[in-house]
Amino acid sequence: AASYKVTFVTPSGTKTITCPADTYVLDAAEDTGLDLPYSCRAGACSSCAGKVTAGSVNQEDGSFLDEEQMEAGWVLTCVAYPTSDVTIETHKEEDLSA
């Protein structure tokens, strides 16, 4: 499978990892020791919500976000596959529910 560079912008700094196209970005982050928020791991809540600021993801497996939210850049990292090099701001659940 292809791999992409995924950059996570977290409250404690920025980290770039390599994520295969068939791996959820949350799983890839955890494999490198990056501690990101999550709860259900099934795309059915907003605990892992982030914002895509560059690039693109496929999150068809998720159910919590609506079309408008996804078009605005919201992403559930637990069900997001990278489809290009992508930058994601993490720890955004409070902004999403605002």
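Note that Cβ sites are derived from N, Cα and C of the backbone, with glycine treated the same way.
Annotated features, as they stand in Swiss-Prot:
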DOMAIN    4-94  domain '2Fe-2S ferredoxin-type'
BINDING   C40, C45, C48, C78  [2Fe-2S] cluster binding site
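Structural mapping of features recorded in Swiss-Prot.
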| residue | record | contacts (Cβ under 8 Å, 6+ apart) |
| --- | --- | --- |
| C40 | [2Fe-2S] cluster binding site | S47, C78 |
| C45 | [2Fe-2S] cluster binding site | S39, F64 |
| C48 | [2Fe-2S] cluster binding site | L26, L36, P37, Y38, S39, R41, L76, T77, C78, E93 |
Other than C40, C45, C48, C78, which residues of the chain come within 8 Å of the [2Fe-2S] cluster site, judged by Cβ distance to the Cβ centroid of those residues? Y38, S39, R41, A42, G43, A44, S46, S47, F64, L76, V79
